[in-house]
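See below for the structure under consideration.
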Amino acid sequence: MSMSKYHDHTLLRKAKLENSEQAKQELYFKYENLIFKMATAYKSCGIDFDDLVAEGTVGFFYAIERFDLERDVKFNTYAVNWIRERILDAIKKSYRKVGVPYSKLSTITKLKKLSRDADLLGLSEEEKKMYLIKNLKITEEKLDELNKINYSLSNIQSIDDEGAEVIINLRSPDVENEVLANDLKSILKKSFEILTEEEKFIITSLYFENKTLKDLVSPEIDLYTCSKLKKQALKKLKHHLSQKKVSDYL
């Protein structure tokens, strides 16, 4: 057994048999880049990147819980499967919102890539259309259908991101107008009534105090719980803010 595999096995035994939060966190920190790598591989699928990372993180902790110490299986291989499964489930749910068959995912992903390539080549709209038809090997009617699906997915994403954009802007260096930033904070604070105290703490720490999830880990709250609370809170805020106009809060 290699040193890396032995170290993983030791941490997994502590995590599973002793329910050691420290062991779970050590495993997470060791494989954090793997989660980001997996999320990055699917970031062109129309889902917010932070949501993909959050789903991947949940999948990783599921892998820890379900890993069989007695089987001769590498943990990283096992974890990859769970991370991928959670991410793909999130993508499938997004597609179901607009009734898109999941089987079209690869084609739409390729369409997005080719569209970016066409823009970089400086093609006109007509040239771009012919470029896509040729490279995707589809008819003009099929291209129109795919563009409509892609547009629907983009609309779903824009609705989901309406609240997230406000949150992201609070951390962005592009927000140079302090008054605007304060207004955005005011909007968020007025929406905090829908959050639990734990969720308020997570969002305040991450987006008002510029802390990271790692900064919030303590004996009282582990990394998995922090990630789960963040995901819950963002989902609530996105839904709440998408139901209202910004002017309603000012």
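Here the Cβ of each residue, glycine as well, is placed from N, Cα and C on the backbone.
Per TrEMBL, domain 'RNA polymerase sigma-70 region 2' is recorded for 28-95. Per-residue pLDDT, averaged along the domain 'RNA polymerase sigma-70 region 2' (28-95), amounts to 85 for this model.
With DSSP states grouped into helix (H, G, I), strand (E, B) and coil, the domain 'RNA polymerase sigma-70 region 2' (28-95) comes out at 56 helix, 0 strand, 12 coil.
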